[in-house]
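Chemist: Next up is a structure, given as structure tokens.
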Ligand SMILES: Cc1cc2nc3c(=O)[nH]c(=O)nc-3n(C[C@H](O)[C@H](O)[C@H](O)COP(=O)(O)O)c2cc1C
Ligand SMILES: CCCCC(=O)C(=O)O
């Protein structure tokens, strides 16, 4: 394990901050408020916002509140075993960083800072297709760190193949294909602010550095950005693909493939039938379908239906160690942490992401200990009660 995160007191206070106050809160639920103080209003709204009325974003949190841990005593949880392996990737705890695009709008070091922070802890980073940093630069920042690549699936097969070949060559081991964002959801915050970072040419580093994409353009993106942006957006949006198209991805990717954005048990079964290796039960943090079910609400039925045949990962609303425990007890193999690490990035770049990650991992470790669980395998529905 690259760095021991262990007990909160040892790690953050004695080693990390030497007993001094940390630079900002160790409570990820508070970071949103303080991030609002340090970010441009539009950038903050873009990150914090959800689709429509925000109903799904709120439902994601409410669903966590409906489940309560029921701690067990005298179980000897002095030493916990949090390390696990998902699709061949070893990790110190069942936590990955969710793919989040355009990180340059919150910090100039953007995805490179995130990659360094994740690598320092051995936590896998899922890099977004909509990154503000190219595949090769993220890989370099990530060094020996574990890394997965998230795909917004280009309709042009040459471009798709080129991007995936680059990701594979750069050491990204697992492909995460996001299905729930084939067009952007109705996001009043961004609409009201007239703010969409992509239309300003942000979050285009993967596309603009891709030789196959550049070949399709009459003028390079540096000379005519709006045309290049529109060409790219038209390529990654649309419904012209269905389940039968998934084998095409196998032609370009020989590693594990995970489908992200699964909410319905029948879609989870289809992912198994299509020979996929994993799914992420996710509603994109409530950013796509306003009124969609909370992801935690649908997790148990999906895990029961397919959990023995495919890796079931989870995101949308994870903020604390207890949240991780609950998702695992309800059938997830690991969770993806979303907005909180972006707020860490906003507060302090690489150090900020590390701070958030260490806080969540240490909180997870302690909550696991005090709930009486030694091993991840001990986390079953019996560890919970529905309120
Ligand atoms: C600012 C922002 C950008 C995102 N960009 C992507 C992306 O590029 N690709 C993707 O698959 N998911 C993206 N997501 C969704 C996350 O991967 C994840 O599903 C979501 O953040 C989980 O919800 P939470 O933040 O409430 O925990 C984005 C989320 C946010 C907040
Ligand atoms: C093409 C959209 C990329 C960013 C994204 O997924 C989000 O804002 O939720």
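Cβ coordinates come from backbone N, Cα and C, glycine included.
Positions annotated as active site, proton acceptor by TrEMBL: 284. The glyoxylate binding site annotation in TrEMBL covers 46, 152, 187, 260, 284, 287. What TrEMBL records for 99, 100, 101, 128, 150, 178, 282, 315, 316, 317, 318, 319, 338, 339 is FMN binding site. Under the heading domain 'FMN hydroxy acid dehydrogenase', TrEMBL lists 20-387.
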Chemist: Report the member of 150, 316 (the binding-site residues) whose C-beta atom has the most other C-beta atoms within 10 angstroms.
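Modeler: The residue with the most neighbouring Cβ atoms within 10 Å is 316.
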Chemist: List which of the recorded positions 150, 284, 338 have their Cα within 10 Å of the Cα of residue 260 (glyoxylate binding site), in sequence order.
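Modeler: Near residue 260 (glyoxylate binding site), where near means Cα within 10 Å, the recorded positions are 150, 284.
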Chemist: CA-CA, which of the recorded positions 46, 187, 284, 287 lies nearest residue 150 (FMN binding site)?
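Modeler: Closest candidate to residue 150 (FMN binding site), judged by Cα separation, is 284.
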Chemist: Roughly how many angstrom lie between the C-alpha atoms of residue 338 (FMN binding site) and residue 287 (glyoxylate binding site)?
Modeler: 12
Chemist: By CA-CA distance, flag whichever of 46, 99, 101 among the binding-site residues is nearest to residue 284 (active site, proton acceptor).
Modeler: 99
Chemist: With the Cβ under 6 Å from ligand 2 as the test, give me the qualifying entries from the binding-site residues 150, 260, 282, 316, 318, 338.
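Modeler: Going through 150, 260, 282, 316, 318, 338 in sequence order, none turns out to be close to ligand 2.
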Chemist: Given the recorded positions 187, 260, 284, 287, which one has the fewest other C-beta atoms within 10 angstroms of its C-beta?
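Modeler: Sparsest of the recorded positions 187, 260, 284, 287 by Cβ contacts within 10 Å: 187.
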